[in-house]
Amino acid sequence: MAGGNERSMKALKEVWKRAENSLCADCGKPDPDWASSTLGVFICLSCSGIHRNIPSISKVKSLKMDFWDDAQVQFLAKHGNAVTKAIYEAHIPIYYYQPTYNDCQVLREQWIRAKYERKEFTEPGKQLPYSDGVKEGILWKRGRDNGQFLPRKFLLSEREGCLKYFTKQDAKEPKINVKIDVINATFQPEKIGNPNGLQITYLKDNKTRNIFVYHESGKEVVDWFNAIRSVQFHYLKVAFPIASDNEIKNRLTRSFLKEGYMEKTGPKQREAFKKRWFTLDHRRLMYFKDPLDAFAKGEVFVGSGENGYSVQKGLPSGTQGNFSWHYGITIVTPDREYLFTCETESDQLEWIRAFTSVINQAMTPQEYAIEAYFKFKS
């Protein structure tokens with residue numbers, strides 16, 4: 001018996017160390033140490049918890065702590081991540097967002113359920129709830145002034161190329177009508193205080209407007225997210241007919257590069273530093289009094305190094321403004337310097353890395369136009 005167990009463990013380790021099984025099959029996290037004995041995939045601890053919630057589909061076991069019999073090991077050897085992905089991920093729409101281990105729970109759970117439970121990607125041309133080019137339904141939206149979440153009707157239309165929402169179910173005219181190409185959507189469960197919280201942002205008069213929504217159903221809110229990406233993708237395919245699918249995919253919804261609190265001072269650099277919530281959305285650095293504000297109090301354009309932008313650790317000597325946090329950052333632009341302070345050194349270094357990643361990228365023609373607008377506005 002002991003010999004059989006040792007043989008199974010040796011065979012298990014051989015399958016486990018295959019290159020195809022070195023990353024979690026669902027989120028890509030390195031060194032997965034769990035597996036599904038019914039699906040044949042190697043997964044990380046976090047994804048194994050999601051699999052455990054769909055026991056009719058997946059039975060999970062630890063590769064280190066649990067016993068695997070010969071039949072189970074043979075099943076893993078026959079399948080593994082590559083074979084199983086070829087079945088369950090055969091026909092993923094290019095616009096569908098495939099989450100990583102850095103993404104929130106609702107995105108990862110619905111990705112796993114879409115693959116294995118609903119089998120959304122096993123057949124070509126399958127009709128999907130986010131691929132119709134139109135989506136209508138109720139989302140709970142946070143009020144701009146009172147902070148209350150109230151049910152609002154939303155309508156997404158590929159034919160019209162826009163997203164609308166209505167304050168009343170029977171309203172004929174929408175409260176907003178936003179072109180699809182200026183919309184971004186990103187999951188913000190912690191900020192919104194709901195595990196299914198979604199932040200929708202769009203440009204209005206070249207200023208960013210935030211809308212915060214959620215739905216009780218994780219599937220429904222992720223369907224909305226992918227429906228926005230689907231409509232964006234098809235809109236941009238028409239607008240940029242020579243662009244490749246991957247080029248267009250890279251222009252769909254994006255996560256913010258960095259968010260968090262910093263202190264900032266005014267342009268004279270003698271005013272007291274005030275605590276603000278900052279969001280770095282590529283080249284737009286926006287700051288808010290409250291993380292859930294609809295509009296930013298101000299925005300800073302972060303250009304490229306070759307155009308005179310840089311980030312420096314610390315504050316200029318002789319800075320006069322009073323500040324309570326002592327880990328300074330200076331953003332140098334062709335027109336002025338922006339001064340910020342962080343609460344901790346780790347925050348400071350994370351912000352500097354984020355700014356550096358933006359500054360090191362060459363600017364696109366569209367970004368030159370945005371820069372010109374910022375200079376005109378100032």
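Residue numbering: from 1, along the chain as shown.
Just so it is clear, glycine is given a Cβ too, placed from its N, Cα and C backbone atoms.
Feature list (source: TrEMBL):
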| type | residues | note |
| --- | --- | --- |
| DOMAIN | 6-129 | domain 'Arf-GAP' |
| DOMAIN | 132-233 | domain 'PH' |
| DOMAIN | 255-360 | domain 'PH' |
Could you give the number of helix, strand and coil residues in the domain 'PH' (132-233) as assigned by DSSP? 23 helix, 47 strand, 32 coil
DSSP helix/strand/coil residue counts for the domain 'Arf-GAP' (6-129): 53 helix, 10 strand, 61 coil
Stretch-averaged pLDDT - the domain 'Arf-GAP' (6-129): 94
Give me the DSSP three-state residue breakdown of the domain 'PH' (255-360), ordered helix, strand, coil. 18 helix, 41 strand, 47 coil
